[in-house]
Amino acid sequence: MGSVAAEEVVVFRSKLPDIEIDNSMTLQEYCFARMAEVGARPCLIDGQTGESYTYAEVESASRRAAAGLRRMGVGKGDVVMSLLRNCPEFAFSFLGAARLGAATTTANPFYTPHEVHRQAEAAGARVIVTEACAVEKVREFAAERGVPVVTVDGAFDGCVEFREVLAAEELDADADVHPDDVVALPYSSGTTGLPKGVMLTHRSLITSVAQQVDGENPNLYFSKDDVILCLLPLFHIYSLNSVLLAGLRAGSTIVIMRKFDLGALVDLVRKHNITIAPFVPPIVVEIAKSPRVTAEDLASIRMVMSGAAPMGKDLQDAFMAKIPNAVLGQGYGMTEAGPVLAMCLAFAKEPFKVKSGSCGTVVRNAELKIVDPDTGTSLGRNQSGEICIRGEQIMKGYLNDPEATKNTIDEDGWLHTGDIGFVDDDDEIFIVDRLKEIIKYKGFQVPPAELEALLITHPEIKDAAVVSMKDDLAGEVPVAFIVRTEGSEITEDEIKKFVAKEVVFYKRINKVFFTDSIPKNPSGKILRKDLRARLAAGIPDAVAAAAADAPKSS
């Protein structure tokens, strides 16, 4: 459909026509709308245990989970924390909370206790649903706040087993839920700063899923005959939205993996004839480079969705040699955007030819524009600028943070992504840089400000700055520039260990460079571009070596 000019603003739209989206219903009503057709079909399969649940059983489990959570005091407007790896109980709990008009805040079970406590406190969690590997991380918070803890994989002192939650009678009727009520509360660092609660409503998630899988020619063609691999963590919005919710809406079968293991992945693909494989580039790298994986192993896969981080042409070519029967394409998203901004049109029921390196075209029923990051002026085709998106799929705002919301969504409803890219003559979007400070380690967000705030609590660190450094396997890794206090001889290894005790594995500092000062502008903001330029020039290694040999100073 190309671009249209309105008040000198160049607006880009999908090549696919807009569709009618009924986002006046609740998310669970939307996901189970085809129950009469798919009720007896397999819905969720636990890849680890082999246990299978039909659509009717999943819907019933969500009603029982709702009743059980209500008995624990959860009601409309409350928040349930899901601190889980992928498992069927994640879906039961999420959908159950939705029926009560409650929201689920998703968190990584490998977070440190400090990270878990901070999110649970900020979100106002009323109940925490977790598992054995994380239960000890929540005990102190739960005891202090009187928050019940539910465990999905066994009995633990002071905790409620999830099977007890499911023992409740089915909820007779859902709560009176408004489309603009919050249903998901993932945490994101946005374009800068510490993690913030992203308020995604029933309306926004329905709109986002519909933009992908609804319509006569859906952008993302899932069918009830497809078997989707759910390997990417459901606590990440990409997997929750484009795998679980999109799969439920389409009536597909979803095979759940708790963690990535290449051998187990191949076994599940063969056993269940997996047809849809949502991956991130680090998984693609491992498959491409593994001599153990053959084209025969992965022959059933017809579609590989890659999101969360860019992927180059050389990697694509090596990977496709292993999955010759599949279409490979990329999407582009941001938690605050609902999360999908763009999707590869090669995934459509009636596919389009796409270019390598593109992250797709803007989703239907949405508008996208490119603006000059300095002036805000709207830019045309093939001109790089900040990507902005508008539509009913974007977040309601940040929880309890109107200032951050105002800085992200402008008065005209445009969400500013902080990503730099352009739209070419064929409406395909290319990402070229990032305005925002967030580091992407294997698709996971690493906010520099969080690490900097932690680093300067060390008595031997006077100042610190964290930036990204390119890495072949991870995409990016966090590295720290450190100014020591006068007389300090703190080492790189000591700093790494100090950070590692407080943060999840992917936020750990990869390398430390000692320096005399951190470059800042007159207002005190760290000049990260200057530090990245030093990395690109190879200067930090010399600085680090000199610092190791020289007397320590401030």
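Heads up, the Cβ atoms here are built off N, Cα and C, so glycines get one too.
The C-beta environment of Thr335 (ATP binding site), restricted to residues of the same chain at least 6 apart in sequence and closer than 8 Å, consists of Pro186, Ser188, Val198, Ile237, Met395. The ATP binding site annotation in Swiss-Prot covers Ser188, Ser189, Gly190, Thr191, Thr192, Lys196, Gln330, Gly331, Thr335, Asp419, Arg434, Lys525.
Annotation comment: Swiss-Prot describes Tyr238, Ser242, Ala308, Gln330, Gly331, Thr335, Met343, Lys436, Lys440 as (E)-4-coumaroyl-AMP binding site, evidence class similarity to another entry. Mapped onto three states, the DSSP output places Lys440 ((E)-4-coumaroyl-AMP binding site) in strand.
Note on Gly443 (CoA binding site): other Cβ atoms within 10 Å of its Cβ, all shown chains, come to 21. Here Swiss-Prot flags Lys259, Lys442, Gly443 as CoA binding site, drawing on similarity to another entry.
Averaged across the region 'SBD1' (261-330), the predicted model reaches a pLDDT of 87. Positions annotated as region 'SBD1' by Swiss-Prot: 261-330.
Residues annotated as region 'SBD2' in Swiss-Prot, with similarity to another entry given as evidence: 331-398.
In the three-state DSSP classification, Lys259 (CoA binding site) falls within coil. Of all the binding-site residues listed here (Lys259, Arg434, Lys442, Gly443), Gly443 has the Cα closest to the Cα of Gly331 ((E)-4-coumaroyl-AMP binding site).
Packing around Arg434 (ATP binding site) is summarised by its Cβ count: 18 other Cβ atoms lie within 10 angstroms of its Cβ, all protein chains included. The local packing around Lys259 (CoA binding site), expressed as other Cβ atoms within 10 Å of its Cβ over all shown chains, amounts to 10. In the structure shown, across all protein chains, Gln330 is the one of the binding-site residues Ser188, Gln330 with the greatest number of other Cβ atoms within 10 Å. Those residues of the chain, other than Lys259, Lys442, Gly443, with a C-beta within 8 angstroms of the mean position of the CoA site C-beta atoms are Leu232, Pro233, Phe260, Val280, Pro282, Ile283, Phe444, Tyr506. Each residue of the region 'SBD2' (331-398) gets a DSSP state, and the totals for helix, strand and coil are 6 helix, 24 strand, 38 coil. Of all the binding-site residues given, namely Tyr238, Lys259, Met343, Lys440, Lys442, Gly443, those whose Cα is no farther than the 10 Å limit from the Cα of Gln330 (ATP binding site) are Met343.
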